[in-house]
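Engineer: Right, I'll just put the structure down here and ask away after.
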Amino acid sequence: MIMAKLTTNQGVPIGDNQNSRTAGQNGPTLLEDYQLLEKLAHFDRERVPERVVHARGAGAHGVFKLTNSMKRYTKAAFLQNEGQETPVFARFSTVIHGTHSPETLRDPRGFAVKFYTEEGNYDFVGNNLPVFFIRDAMKFPDMVHSLKPDPRTNFQDPDRYWDFMSLTPESTNMMVHLFTDEGIPANYRQMRGSSVHAYKWINSFGNTVYVKLRWVPKQGVKNLSGTEASAIQAKDFNHASRDLYESIERGDYPEWDLYVQVLDPADMDRFDYNPLDSTKDWFEEDIPYQLVGTMSLNRNPDNIFAETESVGFNPGVLVPGIEPSEDKMLQGRLFSYSDTQRHRIGPNYLQLPINCPFAQVNNNQRDGAMPFKQQTGRINYEPNRYQDTPKEDPAYRDVPQPVQGVISREKIDKPNDFGQAGEVFRKYTPEVKAQLIGNLANDLANVAEQTKLLAICNFYRADEELGKRLAEALQVDLAPFLSRMS
Ligand code: HEM
């Protein structure tokens, strides 16, 4: 076997990788030691900024196999023929804390899947829980600031996020989910995934439906109680990444079934809430799940930095046949992801192998930092008179979509901030209700009285039993507030 020579990044062979070049045996070190300077300078730049949210994550490669053709609803090429397979890369994450934070915290979990389809990449960028805290992108940076560590102490403070949430009543539904044990999934293999937002699917006749997508783990759903989470965290703060990695290494490939819920635009007014509100779930009883296909994750990354860290998802990365809905949260997200990725990874981040489509890329975008897959050719403009340059294809023109209204800044119709939170609570078993009230009381015990009262009132508005039991657990007398509310 020929042993590879150790070289500098310029390919120059290295004779001694142990000792700096010095004046005399004891030094000082010489500035002319290019090999040392380059080695340190490159090391100094090993980190790129971590994701501003969802920094802690684990990923894996796999395949998505279509079980039922979705031709009736969408012309998306990867959803046409039963049995069709599409390569995927999935990344699961916690949201609030940094890259090496524990994986046992109460926090939504990110569930992102990049489909490398024949008509370009399609990104699913969802969460484990079916609803979100807020319904307008305008509020996202404030929401995240309230949940992130206090800028003075550098630790998360319930008083800060309950202050924000109690003044943001639409968050009540999310809190009713997050403070059950589903707020701490046992691992990444045994959690659900949800698009949260509705998207539009458009078929080859130009007909549009609204859809929400759900991933259901074939491994079953498993969550942790606060006590179980603490016990795991004391021993291992990487348990979810480890679980995913080890299960794939031993050939026990995790699988999720993908389901779609389909809503006819004519039925949008059928509910007591706005179906494009990301603080609302579409209940299965109202809109049934239809099986689409199954994802199996079967290969660990070779290099976490190059794959799991450098992957860039964006809910706006869609393929023909899939369009964003008018959901105001989703609309803000369409901008935010590729913007942060140009900052976090660089303007040519799409040329990295993990992000690069398997489909061919032909266009006139050029240059920028590190364009290592430079598109060549003299004719880098369009239109042009040359037949052998990339041309637009009218078959992919937008399907016109109706829109109406005046330009304004307004809350949506039918905000119904508390209705669904109450319905969800009433469906819980007595054990889950007790879990929720116990977890909420533990957290709210440490917040200012004014915030505590406001939070209890929000839960009371969702469900009388929930509000009363929470007040009791926190030893708060609700009577003066109830008289004001009535
Ligand atoms: C990651 C912004 C709401 C799911 C991110 C990142 C940003 C961001 C900037 C980091 C991306 C990167 O560095 O590559 C926003 C904004 C939101 C929003 C502005 C609201 C307006 C949501 C919602 C969901 C979600 C509602 C779930 C439905 C995710 C996931 C990731 C992520 C899964 C991690 C993707 C990965 O693994 O790389 N978000 N987000 N986000 N977000 Fe959001």
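Glycine is treated like the rest: Cβ placed from N, Cα and C.
Summarising the annotation, TrEMBL assigns active site to H54, N127. The heme binding site annotation in TrEMBL covers Y337. The domain 'Catalase core' feature in TrEMBL is assigned to 7-390. Annotation source TrEMBL lists region 'Disordered' at 1-27.
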Engineer: Which residues, sitting 6 or more apart from H54 (active site) on the same chain, put a CB under 8 Å from its CB?
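Structural biologist: The answer is S93, T94, V95, G110.
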Engineer: Within 10 Å of the Cβ of N127 (active site), how many other Cβ atoms are there?
Structural biologist: 22
Engineer: What's the CA to CA span in angstrom from N127 (active site) over to the residue listed as 'heme binding site'?
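Structural biologist: With distance taken Cα to Cα, the residue listed as 'heme binding site' is 15 Å from N127 (active site).
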Engineer: For the residue listed as 'heme binding site', what is the tally of other C-beta atoms lying within 10 angstroms of its C-beta?
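Structural biologist: If we count other Cβ atoms within 10 Å of the residue listed as 'heme binding site', we arrive at 20.
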Engineer: If you run the three-state DSSP split on N127 (active site), which class comes out?
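Structural biologist: It is in a strand.
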Engineer: Just to be sure I understand, if DSSP states are collapsed into helix, strand and coil, how many residues of the region 'Disordered' (1-27) fall in each?
Structural biologist: 0 helix, 3 strand, 24 coil
